[in-house]
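Here's the structure, in structure tokens; my notes come after.
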Amino acid sequence: MSSMGGSADENLETKETHVRSLSSSHGQEPYVHKVGIPPRQNLFREFQSTVKETFFADDPLRSFKDQTKSRKLILGIEAIFPILSWGRTYNLAKLRGDLIAGLTIASLCIPQDIGYAKLANLDPEYGLYSSFVPPLIYAVMGSSRDIAIGPVAVVSLLLGTLLQSEIDPIANPIDYRRLAFTATFFAGITQATLGVLRLGFLIDFLSHAAIVGFMGGAAITIALQQLKGFLGIQKFTKKTDVISVMYSVLSSAHHGWNWQTIVIGAVFLALLLFAKYIGKKNTRFFWVPAIAPLISVILSTFFVYLTGADKHGVAIVKHINSGINPSSVKEIYFTGDYLGKGFRIGIVAGMIALTEATAIGRTFASMKDYQLDGNKEMVALGAMNVVGSFTSCYVATGSFSRSAVNYMAGCETAVSNIVMSVVVFLTLEFLTPLFEYTPNAILATIIISAVINLVDYKAAILIWKIDKFDFVACMGAFFGVVFASVEIGLLIAVSISFAKILLQVTRPRTAILGKIPRTTVYRNIQQYPEATRVPGVLIIRVDSAIYFSNSNYVKERILRWLMDEEEQVKVDYQTRIQFLMVEMSPVTDIDTSGIHALEELFRSLQKRDVQLVLANPGPIVIDKLHTSNFAALLGEDKIFLTVAEAVAYCSPKLAEDP
């Protein structure tokens with residue numbers, strides 16, 4: 001049974017073997033292909049090539065080739081401000097789609113922003129400020145057509161938790177707010193720096209599984225935090241872990257709950273969940289769950305105003321400052337003790353915001369089949385948060401719920417963000433007094449209904465089926481957030497992701513190969529049980545580059561395979577192992593430690609009277625083997641192009657052995 005992935009190389013290998021067998025049948029020596037040594041590269045060019053592949057793998061300067069200086073200048077400006085590029089082809093048909101999408105996401109974002117600001121322990125208007133300026137900056141500099149910008153639940157909670165651990169928002173609201181702006185400034189600086197230095201690959205270290213667990217845990221934490229507003233509790237714990245929250249809820253059950261608040265919350269939560277159900281059932285009604293939060297706010301506010309429920313213990317939003325964002329440049333800490341704290345919090349919040357925005361942007365870009373430059377996105381997100389920190393905004397990023405609504409509403413470009421921003425501007429200027437009687441319970445229900453979708457249990461089940469270690473990372477992040485805190489959960493998520501990378505690097509897979517019947521193809525005997533071992537030859541494949549981190553393990557693992565095989569040979573009275581062949585096609589690179597490990601392996605095998613043979617080393621590997629003189633130590637006649645040729649070399653030697 002031949003492998004489907006065998007293809008051209010294997011066919012060529014088969015033909016070569018036929019040629020060899022024909023030549024040997026005519027009494028000639030079989031032709032053995034030599035492993036080619038790549039020509040020596042200029043050191044500067046080699047370094048240049050490595051840097052290019054590391055930082056400029058997407059070839060961002062491709063469009064600048066063979067262009068005039070004036071054209072290059074225009075392209076450079078368009079690269080920083082993509083709106084100048086797609087804006088030239090903008091028309092009324094696109095405006096219609098963007099107008100509908102913008103109005104729809106505005107109806108969703110206004111009530112969410114007020115609630116998310118409370119998650120960050122800030123006054124409601126700061127949530128609205130963060131949906132006015134940042135979307136305008138992003139629309140000019142961003143390259144995603146679908147992402148909707150504004151405050152999000154996870155980042156709001158993370159920021160609120162980290163800031164609260166430094167300054168009490170109730171006892172010292174001014175310093176708390178200043179630290180929030182400082183953290184936002186450094187979040188933006190972090191994001192922009194990663195983009196400019198093209199270090200976007202760093203956020204990929206946070207695995208998908210860890211993000212799923214972290215988001216799910218944060219969603220549970222956020223929902224539990226909303227029990228304060230949902231139940232009308234006055235005194236509530238500042239801790240975010242589930243045990244502290246549930247203790248706080250249950251201990252206030254007899255005297256702290258307000259039944260009018262619970263009725264309002266329960267009725268409108270049912271309404272919001274029903275609206276979500278309608279939207280999922282029929283995608284044509286996507287607008288129902290989008291406008292349901294705003295309708296709920298209007299109805300509940302009207303109800304409280306008419307009944308005077310606020311006089312019976314129903315907590316309301318009260319005053320929201322009207323007017324657009326005031327300047328906050330002078331409020332940012334550029335010196336003093338809070339500078340370092342703002343810097344640390346900003347980096348964490350910025351990285352999480354970046355991870356969320358990147359995931360959203362990539363998802364919708366793939367759905368609409370267009371390319372998204374991750375580094376440009378980082379610069380755009382960073383710039384909008386830096387400008388936001390100067391205009392009384394806290395960390396904004398792409399929102400899952402709003403971006404989905406934006407996509408479903410038929411947005412064409414980032415103009416939908418501009419439309420949303422204009423609506424928020426009008427709200428700040430003229431409509432904030434209307435929110436005075438809005439009950440806190442309705443904001444709690446809106447946040448609960450928004451974060452429910454962040455608990456992606458289907459993704460967790462799929463992760464369990466695909467990779468158990470990934471599932472451990474997922475659950476570690478989830479339980480870390482739920483039972484400890486958001487930052488502990490984040491730390492666990494990052495730690496487990498790094499642990500997985502280290503485990504894969506330090507403990508690479510190895511496999512014993514056998515010959516697939518009626519072919520010259522050699523494959524893993526565990527994957528292909530019908531594959532037969534070559535008597536007297538042990539063929540081992542190393543499935544990783546050999547570096548200082550794993551070289552000793554690779555050497556010891558190969559020797560263990562040999563010892564196991566020798567024990568089996570004694571039991572079955574088979575031909576003793578005389579050749580140990582290492583199939584090196586998956587070995588992409590080798591360093592000094594790796595070559596030392598091969599030298600030690602060579603000496604260990606010599607003592608056992610076993611010859612070491614190498615098959616198919618890649619260009620980088622064979623170059624280093626020759627440079628280090630290992631090829632000369634081993635003997636160039638022991639390095640083969642294919643496993644089949646190596647086996648053909650070993651077989652006559654075995655026959656000659658008495």
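Even glycines carry a Cβ here, placed using N, Cα and C.
Database features (TrEMBL):
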DOMAIN    527-650  domain 'STAS'
REGION    1-33  region 'Disordered'
TRANSMEM  147-167  transmembrane segment
TRANSMEM  179-199  transmembrane segment
TRANSMEM  205-224  transmembrane segment
TRANSMEM  259-278  transmembrane segment
TRANSMEM  285-306  transmembrane segment
TRANSMEM  343-365  transmembrane segment
TRANSMEM  377-397  transmembrane segment
TRANSMEM  417-435  transmembrane segment
TRANSMEM  442-464  transmembrane segment
TRANSMEM  476-499  transmembrane segment
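Stretch with the most C-beta contacts under 8 angstroms to the transmembrane segment (476-499), considering only 179-199, 205-224, 285-306, 343-365, 442-464: 205-224. Between the transmembrane segment (377-397) and the stretches 147-167, 259-278, 417-435, Cβ pairs under 8 Å are most numerous for 147-167. Confidence over the domain 'STAS' (527-650), given as mean pLDDT on the 0 to 100 scale, stands at 94. Within its own chain, the transmembrane segment (417-435) has Cβ neighbours under 8 Å at 98-99, 101-103, 105-106, 109-110, 113-114, 124-125, 128-129, 131-133, 135-136, 138-139, 148-150, 297, 301, 317, 320-324, counting only residues six or more beyond its boundaries.
By the Cβ criterion (under 8 Å, sequence separation of 6 or more), the transmembrane segment (179-199) is in contact with the transmembrane segment (343-365), since 3+ such pairs are found. As a summary of secondary structure, the domain 'STAS' (527-650) carries 63 helix, 21 strand, 40 coil according to DSSP. Ranked by number of Cβ pairs under 8 Å to the transmembrane segment (205-224), the listed stretches 259-278, 285-306, 343-365, 442-464 are led by 442-464.
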